[in-house]
Amino acid sequence: CFIRNCPP
């Protein structure tokens, strides 16, 4: 992921 706290 590209936001705070998401793993991918």
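We number each residue from 1, going along the chain as drawn.
Cβ from N, Cα, C; glycine included.
Features reported for this protein in Swiss-Prot:
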type	residues	note
DISULFID	CYS1-CYS6	disulfide bond
MOD_RES	PRO7	4-hydroxyproline
With an 8 Å cut-off on Cβ-Cβ distance and a minimum sequence separation of at least 6, pull the same-chain contacts of CYS1 (disulfide bond), or say none.
PRO7, PRO8
List of residues, in chain order, with Cβ under 8 A from that of CYS6 (disulfide bond) and at least 6 apart:
none
Cβ neighbour count (within 10 Å, all chains shown) around PRO7 (4-hydroxyproline):
4
